[in-house]
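TrEMBL lists A:GLU166, A:HIS234, A:GLU249 with the feature Mn(2+) binding site.
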Amino acid sequence: MKKHLNTLFVTTEGAYLKKDGQAVVVSIEKQNRLRLPLHNLDGIVCLGNIMCSPALMGACARAGVSISFLTPYGGFIAAVNGYSPGNVLLRREQYRRADDPDSTLHIARHFVSAKIANSRSVLLRAARDSRDAESKSALQSTAKLMMRNIRAARNATTLDSLRGTEGESANTYFSVFNQMMSNRVKGMEFTFRSRRPPLDRINALLSFLYSMLTHDARSACEATGLDAAVGFLHRDRPGRPGLSLDLIEEFRAFLADRLVLSLLNRKQIQARDFDVTESGAVLLKEKPRKEVLAAYQKRKQDVITHPFLNEKTTVGLLVHLQARLLARYLRGDIDDYPPFVWR
Amino acid sequence: MFTDNQLLPISALQHLIFCERQCALIHVEQLWAENVLTVEGRHLHDKAHDGPSETARDIRIARGLWLKSNRLGLIGQADVVEFHRGGVVRPIEYKRGKPKKDASDRIQLCAQTLCLEEMLETDIDEGFLFYGTRKRRTKVEFDASIRDLTMRKIERLRQMIEDRETPTARRMPKCEKCSLVELCLPDSQRFRNGVAAWNDRQFHCDDDVDDVPETDPFDIGLDLLEPR
């Protein structure tokens with residue numbers, strides 16, 4: 001895994017994307033502002049009111065570049081993906097496994113146990129770096145509690161009990177989320193996990209980054225030939241990318257949560273970067289949104305060693321590798337799916 | 001006789017000879033990825049197909065000629081075919097780089113020849129491979145042994161595609177040159193029957209709080225003395 005392709009994020013309301021040869025041109029108020037060759041991209045994410053020419057959509061579909069249309073805050077609206085007739089065999093196998101309760105449970109256990117293990121690792125790393133004795137010990141003892149959840153997830157006998165363990169771990173983990181912040185100021189505390197809409201600033205950041213991660217996972221599924229909509233842990237629901245959501249479980253804490261903490265601890269994002277609406281929903285303003293996207297994109301270029309393949313890769317390619325390993329497992333090339341476990 | 005729905009691309013023979021798994025990934029699983037080599041190769045072929053048919057001296061030159069054989073069940077395109085006065089036909093295939101050790105280029109040219117012979121109802125006894133670095137033609141004689149080898153490879157290709165079989169990956173030196181290596185993940189095969197055990201090891205963690213991951217140097221900035 002040597003190359004790392006880029007995602008183009010378009011956040012300027014009213015921008016128009018069009019095709020010019022084998023390039024995408026971003027035009028704002030009829031002025032061409034940016035021109036990027038398609039072969040350097042693996043995805044385009046349009047946030048807010050962005051228009052896109054049909055010719056560009058066709059070219060992207062052919063080039064394997066996925067386009068996602070999201071609300072300004074990352075809520076999914078629609079996606080353009082190419083026709084993927086190939087891998088009908090792989091997809092059939094995916095459906096067969098998703099229909100079989102034992103297979104589904106087996107695969108879902110991996111997603112959940114890796115999610116808990118990686119959340120636990122985030123707590124431990126933060127505990128190590130913490131200068132506050134109280135926080136340090138709170139983080140350490142919570143990490144200890146989560147050990148039990150990893151075991152429970154590995155041994156879960158039903159999907160419901162597995163989801164129960166997952167929920168319990170998430171509560172445990174988020175209960176000490178504030179302890180991972182160095183400069184706690186009013187209005188910047190984590191309260192409880194809230195989505196649709198996020199009710200505090202940290203939830204707004206988390207939800208935003210989880211959406212970006214989901215876009216990447218969706219592209220990874222498409223590129224691998226998997227059906228992004230048919231998950232194992234996440235039940236089918238029209239419009240919901242079940243398998244993408246399954247795949248991001250391994251990465252939520254490792255990638256998104258740590259990035260949120262870093263942005264806050266380094267004061268790159270502050271209380272004034274959010275709008276609080278009358279209904280209590282908290283939204284990230286436009287300029288800081290760009291800052292978050294730039295940080296996410298930069299983070300994806302960091303190099304780490306893939307724990308299973310033992311090969312250097314970028315953080316951004318991890319989810320692609322996991323999709324491919326899942327495909328290998330479904331196809332019977334390897335005897336089990338190795339989830340991403342950060343160690 | 002094969003129907004039009006059963007036709008296989010001649011180019012798949014090259015993939016088959018390079019690596020059966022690569023061939024299956026492309027032609028059974030419909031995966032594709034480009035690298036420098038595939039892009040260069042495509043440009044070379046586009047160039048070879050460029051330009052009008054022409055007649056020079058006693059030779060008529062056709063480019064990018066479509067080929068088909070319902071007897072063999074093959075379809076493809078020839079870079080250049082020369083039609084000499086007197087009925088002699090000479091297929092020419094353009095290749096980047098230098099002649100390969102394996103027979104893949106000769107087999108591809110031979111398969112084109114078998115199609116041409118069927119379409120034109122003629123016999124072709126030789127053709128040429130033109131290599132980019134050498135910049136001259138290498139003659140290929142279509143004797144019984146290359147024809148026989150080509151027929152066997154065509155049979156193997158058909159069997160693999162009809163059985164929808166994807167052979168197991170093996171890491172080989174030539175994987176470095178393969179554009180599909182990132183989709184194939186040959187290294188995951190080292191663990192073929194060991195992933196379950198690997199998973200057990202990953203999740204075996206002690207309550208030891210010093211068990212902190214170090215594989216990722218990313219820092220959340222919790223220990224900043226002076227917040228920036």
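Even glycines carry a Cβ here, placed using N, Cα and C.
Curation plays no part in TrEMBL annotations; they are all automatic predictions.
Taking the centre of the Cβ atoms of A:GLU166, A:HIS234, A:GLU249 as the Mn(2+) site, the nearby residues of that chain (Cβ within 8 Å, site residues left out) are A:ALA108, A:PHE111, A:VAL112, A:LYS115, A:ARG163, A:LEU233, A:LEU245, A:ASP246.
In the three-state DSSP scheme, A:HIS234 (Mn(2+) binding site) falls into the coil class. Taken residue by residue with DSSP, A:GLU166 (Mn(2+) binding site) is part of a helix. The number of other Cβ atoms within 10 Å of the Cβ belonging to A:GLU166 (Mn(2+) binding site), over all protein chains shown, comes to 22.
Counting other CB atoms no more than 10 Å from each candidate's CB, the binding-site residues A:HIS234, A:GLU249 peak at A:GLU249. In the three-state DSSP scheme, A:GLU249 (Mn(2+) binding site) falls into the coil class.
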